[in-house]
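Lifted from TrEMBL, the feature list:
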TRANSMEM  B:6-36  transmembrane segment
TRANSMEM  B:57-78  transmembrane segment
TRANSMEM  B:117-142  transmembrane segment
TRANSMEM  B:162-182  transmembrane segment
TRANSMEM  B:202-222  transmembrane segment
TRANSMEM  B:234-254  transmembrane segment
TRANSMEM  B:266-285  transmembrane segment
TRANSMEM  B:305-329  transmembrane segment
Amino acid sequence: MDNVVLARALFGSSMAFHIIFATLGVGIPFMVVFAEILYHTKKNKHYAILAKRWTKGFAIILGVAIPSGTIVGVMLSLLFPGFMEIVGKVIAVPFQVEIWAFMLEALFMSIYIYAADRLTPTLRIISVFFVALGASASAVLITDAHAWMNTPRGFDLVNGEVTNVDPIAAIFSPSLYSTALHVLSSAYMTGAFVIVSLAAYKLLKRGSTKEERAYHHRSLMLALVVGGTLSLFTAINGHATAQMLHKYQPEKLAAAEGLFETTSHAPLAVFGVANPETGEVEGGIEIPWALSFLAGNSFDTVVKGLNEYPQELWPPLYIHTLFNIMVVIGGFLIVLAFGVLAWRYVLKKSLPRWMLWVLVSSGALSMIGIETGWIFSCTGRQPWTIYHMQLTKDAATKSDNLPTLFFMFIGIYVVLLFLTAFVLRFYFKRHPVSKDLTPDTPILEDEGVNTNG
Amino acid sequence: MAESTIAILLVWVIVFVYSILGSVDFGAGFWGMLFGNREGSNAGALANRFLSPTWEVTNTFLVMVVIALVGFFPTAIAMLGTALLVPVSLVLLLLLIRSTFMVYAYSSRKYGKELNIVSGVTGLLIPGLLLSILPISLGGFIDINPEGVPELHFGRLLGSVTLWAHLGFGLTTELFLASLFLSDYSSESGDRSAYLLYRKAALWLGPFTLFFAVITTFTFVPEAQWIRDGIEENFLWFIFSVLAFIFGYSALLWRQGDGTPGVPRVAFTAIIIQYAFASIGYGLSHMPFIIQPYLTVEEGFTDPATFRALLIAYIVGLLILGPAFYLFWKLFLKDKRYLRQE
Ligand code: HDD
Ligand code: HEM
Ligand code: HEM
C-alpha cells in the first residue's frame, strides 16, 4: 500500500474508533440533563438513579473518548502536515475554541461526579448542563472544521501559498449550519437509542422485581420520546444537508445516488451497485423523479451527474451504499420509535418480547448510522482533502514509517474496544440497579468510578 | 512587540503550564501506583484522590499545546509532524493506554492493582519522551531530504548522550515535582504520614534534577553549540533559577511552629519559580529558532488575520473559563471535606 492510502486508512480507523465514544460523549450527557430535570420536577427517585447510573457509564466512556480524541487531534498533524499548515493559517479558531469547550466539559464533569455530594440541587443541574453544553459545543466546533473542508471559504491559494485570509468567512462556511445541526441531532438520537437498547435488554430479563421493571420502563419511554423526536429531526435536516450537497458538492451527491448523466426528473436509486461501465445503478430500486425533488424541492430540478467531471476526480462509488445504509437506518428508527410509542400510549398495550428485541438493536443501528454517515462524508470528499483546493495526496505525510504504526494502532483499538465493554459490564454487574432501588441507599453515595482511595 | 513574538510568548506560557501540570499528573500516577498497596499509609490513595478529578483537565492542556502550535506556527507543526511521526505516535499510544487503564482501575477495584501498574508505568515514560523533542529542536537530528521532506535520524538520536540526559532530566523532574506537590497536598489534607513520605521523596530527588539539568547542557551535540552561546548570554536567568532552587529546597528543611519539618507550600512555590526562571532563560536562548537551522519564529508564523482572531478567542475563553477554574480549585484543592474525605 502506498503512503497516502495508509495515512487515510490509519486516520479513518482512528476517527471511526473515536467517534463511537465521542458520540456517546455528546449524547449521554444530553439524556442526563433530561433525567435531572425530570427528577426535580416529578420528584421521582428513579430519575435520579438513572442520572447517576448514566453518568457512571459516561465517565468510563469519557476515559476512552479523551485520549482517543487526543490521538486524532495530534495525528492530523502527523499524517496530514500539508493540510494542517493550511488549517493553521485559515481555520485555527474553531480548533482553539474547541479547547475551551473541552475544558468547560472536563471541569464541570469532575465537579458533577466528584463533588456531587457537596452541591446544591441547582448547582448539580447547572454543572450537568455545562457538561452537555461543552460536549455539544465541541462537536459543533470540530464539525465547523469539517464543514470548511467540504465548502472551503476565506482564503486563496496562489502558487501553493495561502493569501487573503478571512477567518470569519472560513468559520461561517456555507455548509456549517446544516452539517452542525445534523451532527448534533444524530449524536443526541444515538445517545437516546443506546439507552433504549439497554433498557429494552433489561426488560427482557426474567425474574426482575416489579420496581426494577418500572424503573427500566421509565428509562425506555424517556429515551424513546427523545430518540424518536430527534430521529425525525435528523431526517429533516439530513434532507437539508443533501440539498447543501446539491448546491456545493454536486459530485458527492451524484456518487451518493449513482447518477452519471446530468438530468432533470432524476430518479432516486435505493440500494444496488453503481457501475461506471454502464453508467447505471444495478440491482437497486428506482423511485422516478425523487432525486430531483430531494435536491431542489421540485421535479424539474436539474441534478448534475458524474460524467460532468473527469473520472480521476470522482469520489469512490461505494459511497452510494454508505449513504443508503444511513438513510434506511434513519427511516427505520423513526418508524420504530413512533410505532412503539403509539402501541404503548394510543393502543395502550404492553410491549411484547419481539418488540423489545427489535428495540435492543436500535442503539447499534444508530451507531452504524453515525459511522456510515461519517465515512460517507469524508470518503465522498475524495480525492480532495479540502474540496477543490487541496488533493489528499498533497496533504498526506511523505514519511515512510506508516505500516508498523498502522498495525500498532489498530491492535490497540481492538483491545480497548473489548476491554471497555468488559469494564462497563463488570462495573454494572457489581453495582446492579436493585441495590440503588433499595430505599435506604443514598442516591449520591460516592463509590465506584471515582477514587479508589 | 512583533506579533510573532507575542505568539511565541503565548506558546511558551502554555508549554510551561503543561510541563508543570503534566509532570505532577504523570508523577502522581506513578506515586499512586508505588504507594498504592502500602499498609498503614494513605499516600497512594491520596495521589489517586488528586488525580481523579484533574487528569482530564491536564490532558486538555496537552491538546492545547498542539493546537496552539497549529494555530500560531502552522509551518512548524507541518515540519515537526513529519519529522516526529514515530516518537509522537509512541507517546500517543502510551497516553491512550495510561488514561484508559487509569479509568478502568477506578471502575474495577478487584483488578485495580494490576490496572494501576500499567497506567503508572506508562505514565512514567511519557514526560521523558515528550522532552526528547527539545534536543531534536536544537539541530543535528533532522535533515531535509532532496524531495524537501524533513527526516529524523532516529538511530543517531537514540545513540546520543544528549537524548538520555534529557530523558533523565524529564524523569527526575516529573517525580520531583509530583512528590513536592503531593507533600503540599497531603499536608493540606492533614495527613502527616503521607506528608513525611512525599517530603522524603522530594528531598532525595531534588539534587538529581539539578544534576541532570546541569549535565544536560554539557551533552549538547556540536550542531547545538548555538544554544550554549545563548545560555551564556542569558546566564543571569539560570543563576536566579539556582537560587530559587536552593531557597525552595531549604524550605523542606525548615521547621513549622509545631515542630513538623518542612514548609511544603513555600518549597513548591519556589521550585515552580525555579523552573519558570530556567524556562525563560532557555526560551530566550532558543530564539530566534523553532527548529534549528530550518525554521525561525518569524518564518513559522501564521497568517496575521488568523493570529488576531485567535487572540480574541483566547481573551474570550479566559473570561468564560476563569470562574469555572476558580470553582474547580475551591472544590478539589481547597475544600477540606474533599481533601479529608469526610
Ligand atoms: C444516526 C445517524 C444518522 C442518521 C439516521 C442519518 N444521518 Fe446523515 N449523517 C450522519 C448521521 C446520520 C453523520 C454521521 O452525522 C454525518 C456525517 C457527516 C455529517 O455532517 O453528518 C451525516 C452526513 C449526511 C450527509 C452528507 C453531508 C456531507 O457530506 O457533508 C447527508 C447528505 C445526509 N447525512 C443525509 C441524511 C438523510 C437524508 C438522512 C435520512 C434519514 C440521514 N442523513 C440520516
Ligand atoms: C468523526 C467521525 C469521522 C470519521 C469516521 C471519519 C472518517 C474518515 C475516513 C474513513 C477518512 C479516509 C477517507 C478516505 O481516504 O477514503 C477520513 C479522512 C479525513 N478526515 Fe474524516 N472522519 C470523521 C470526522 C472528521 C472530522 C470532524 C474532520 C475535520 C476535522 C475530519 C477530517 C479528515 C481529514 C483531514 C482526513 C484526511 C484527508 C482525506 O482523506 O481527505 N474527519 N476521515
Ligand atoms: C464530529 C465528530 C467528533 C465529535 C462529536 C467529537 C466529540 C468529542 C468528545 C465528546 C470528546 C470528549 C470531550 C471531553 O470531555 O474532553 C472528544 C475528545 C477529543 N476530541 Fe473529538 N470529536 C469529534 C471529532 C474529532 C476530531 C476530527 C478531532 C481532531 C481534530 C477531535 C479531537 C478531540 C480531542 C483532541 C479530544 C480530547 C480533548 C481533551 O483532552 O479533553 N475530535 N471529542
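Every residue, even glycine, has its Cβ placed from backbone N, Cα and C.
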Would you kindly list the residues that approach the transmembrane segment (B:6-36) from elsewhere in its chain, counting only those six or more residues past its ends and only Cβ-Cβ distances under 8 Å?
43-45, 47-48, 50-51, 54-55, 57-58, 61-62, 64-65, 68-69, 72-73, 98, 102, 113, 116-117, 119-121, 123-124, 126-127, 130, 173-179, 181-182, 197-198, 201, 272, 275-276, 279, 283, 287, 290, 297, 301-302, 307, 311, 314
Sort out for me which stretch, of B:162-182, B:234-254, B:266-285, B:305-329, has the most Cβ pairs below 8 angstroms to the transmembrane segment (B:202-222).
B:162-182
Taking B:162-182, B:234-254, B:266-285, B:305-329 as candidates, which has the most Cβ pairs under 8 Å with the transmembrane segment (B:57-78)?
B:305-329
Using Cβ atoms and a strict cutoff of less than 8 Å, what residues sit near the transmembrane segment (B:162-182) while being 6 or more residues removed from its termini?
20, 22-28, 30-31, 43, 46-47, 50, 124, 127-132, 134-135, 194, 198-199, 201-202, 205-206, 208-209, 212-213, 215-216, 219-221, 224, 264, 267-268, 271, 275
Which sequence positions outside the transmembrane segment (B:305-329), separated from its termini by at least 6 residues, show Cβ-Cβ distances below 8 Å to it?
3, 6-7, 10, 53, 57, 71-72
